[in-house]
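**Q** Okay, these came from Swiss-Prot:
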- D21, F22, N23, H59, L60, G61, R62, R118, R151: substrate binding site (BINDING)
- K201, E323, G349, G350, D351, T352: ATP binding site (BINDING)
Amino acid sequence: MAKKTVRDIDVKGKRVLLRVDFNVPMENGRVADDVKIKEAVPTINYLIGQKARVILVSHLGRPKGRVDERYKMDPVARRLSELLGKTVVKAGDCVGEAARSAVAQMQDGDVVLLENVRFHPEEEKNDEKFARQLAELADVFVNDAFGTAHRAHASTEGVAGFLPAVAGLLMEKELEILGRLLTSPERPFAAVVGGSKVSDKLGVIFNLLTKVDTVIIGGGMANTFLKAQGYSVGKSLLEADKIDLARKLIAEARSREVKLLLPVDVVVAPGPAPGQEQRTVPVDQIPAEWMALDIGPESIRLFTEALRAARTVVWNGPMGVFEMDPFARGTEAIARTLAELNAVTVIGGGDTAAAAKKAGVAGKMTHISTGGGASLEFLEGKQLPGVRALLDK
């Protein structure tokens, strides 16, 4: 169901509570990476242009429901001011007198950033009274925080019970691009799934089996699938309680005639640390005391060949311990291959985005999702609470 967006309503002179995802990394009291802030700028600028009063609310870090100096929003307000080229007033709190008085002094086109919403334990409990206090600051609620749309929190879902709620421009873009993957992808459609844990991704793979032509599995999670096929994986990361599910998934892929590709060779070492001896072995020769830490050159060849035929690719999760150069080749090869494709390429998840950035090809992707967990749940076919709460068109 298509959701109403900020373009579908009149916001002139209105107080607009805009939920953004400003959960950015900090270093020495400065914003270390401002990508998430930049992603919100189009919606903020649209609202300023429409002469709305823009009240921003976000969380930052995990302050555990109490005030924590390290997670105050002041550095974010400073960086946002620079990006917008105008003053952003930082309120002393997100509810109560400090928030109310900051909002009361606003003129049309002004921007106020409320203090970290997670300084209050009620936020993550989706407390109704707290949601009402947030809602009382505004006339309209706009959710532009796709990254937290899978959380039913007061500032993502609760507040929508008290105000007309619509999607921001970033939220709209995410829902449109990810939605198209599930409903009308250009074929052949391939999914590349990696990362360390099968448990995080099983639901996604099962759902994607009904949509895709090819599934490529790498990273630590591939070990569980290799074990399910009878291979010994040495000391590699393994989720023994998921082996039966992996078997089921392999059978399901076969019955749906989806091509399922697993590594045929791996880079092994005694452990995930640099400077150790390492070698490449076929998957049936992983030494008993060693770990598989990346896909090998034959797997890279197999995977990239399959991807070259694709017209749509969704990628979530690295192929190995890509943070360490000796084990980054598989992930970087996938990133470079996607960058060269004449296809729709969508990346979900923080690690995968970081890997594309490390390979220097982030700008060549069609779309890098701003929501790791949210994009996974969306691709799993789940309804996201923060999206469900918005008005339908």
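Every residue gets a Cβ built from N, Cα and C, even glycine.
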**Q** I'd like the Cβ neighbour count for R62 (substrate binding site), meaning other Cβ atoms within 10 Å of its Cβ, all protein chains included.
**A** 11
**Q** For the binding-site residues R151, K201, which Cβ has the most other Cβ atoms within 10 Å, all shown protein chains included?
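**A** Per the Cβ count within 10 Å, the most buried is K201.
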**Q** Which entry in the list of binding-site residues, G349, G350, has its Cβ near the fewest other Cβ atoms, using 10 Å as the limit?
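**A** Relative to the other binding-site residues in G349, G350, G350 has the fewest Cβ atoms within 10 Å.
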**Q** Closest of the binding-site residues to L60 (substrate binding site), Cα to Cα, picking from E323, G349, G350?
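**A** That would be G350, nearest by Cα distance.
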**Q** Could you measure between N23 (substrate binding site) and G349 (ATP binding site) for me? Cα positions, answer in whole angstrom.
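**A** Between the Cα atoms of N23 (substrate binding site) and G349 (ATP binding site), the distance comes to 14 Å.
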**Q** For the binding-site residues D21, E323, D351, which one has its C-beta crowded by the most other C-beta atoms within 10 angstroms?
**A** D21
**Q** Which is it, of N23, T352: the one of these binding-site residues whose Cβ has the most other Cβ atoms within 10 Å?
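**A** For the binding-site residues N23, T352, the Cβ with the most other Cβ atoms within 10 Å is T352.
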**Q** In whole Å, note down how far the CA of G349 (ATP binding site) lies from the CA of R151 (substrate binding site).
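**A** On Cα coordinates alone, these residues lie 16 Å apart.
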**Q** Provide the three-state secondary structure of N23 (substrate binding site) computed with DSSP.
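**A** N23 (substrate binding site) sits in coil per DSSP, no helix or strand.
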